[in-house]
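Undergrad: Please find one structure pasted underneath; my questions will follow.
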Amino acid sequence: MESANHTGIAEFVLLGLSDDPQLQPLFFGLFLCMYLVTLLGNLLVILAVSSDTHLHSPMYFFLCNLSFVELCLTSATIPKMLVNIQAQRKDISYRGCLTQVYFLMIFAGMDNFLLTLMAYNCFVAICQPLNYTVIMNPRLCVLLVLLSWLIMFWVSLLHILLLK
């Protein structure tokens, strides 16, 4: 009879920033303040772009999507960190860790895709100014963003399945 190791990882222990309990309220307040400022700033960008018709151009469409992705990116990590600081816990379940990594990969990848699309938009505007409105039409912009979401969904899923 062959013996095998059947142990599994149930949770990870996070080291955190400091073990000093007196610094925990300071860290909580600092990160909560930064999180709320980030949320408010990105929501204001989305609101400004959607409410003003002069800002309905491809660059602002990509900027609005970038703000949404930044909202999601910070919301994928910071709330769990705030809960851990407040509850004085330093662990995360294996499934929770994989879920957090999955969303972190999607939103970080989308961040990169959107910055690339914004750079392409500037390239077309500078190098082909007469054809800009034909090339960067709203249909193409939406298609490029949807394609980016689709690619990042599958790439992140593939990485998580390989980790599992």
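Using N, Cα and C of the backbone, Cβ positions are placed for all residues, glycine too.
Summarising the annotation, TrEMBL assigns transmembrane segment to 26-48, 60-82, 102-128, 140-162. The domain 'G-protein coupled receptors family 1 profile' annotation in TrEMBL covers 41-164.
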Undergrad: Per DSSP, how many helix, strand and coil residues does the domain 'G-protein coupled receptors family 1 profile' (41-164) have?
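TA: Within the domain 'G-protein coupled receptors family 1 profile' (41-164) the tally stands at 111 helix, 3 strand, 10 coil.
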Undergrad: State the non-local partners of the transmembrane segment (26-48) in its own chain: residues 6+ outside its ends, Cβ under 8 Å from one of its Cβ atoms.
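TA: Tertiary neighbours of the transmembrane segment (26-48) are 17-18, 55, 63-64, 67-68, 70-71, 74-75, 78-79, 81-82, 85-86.
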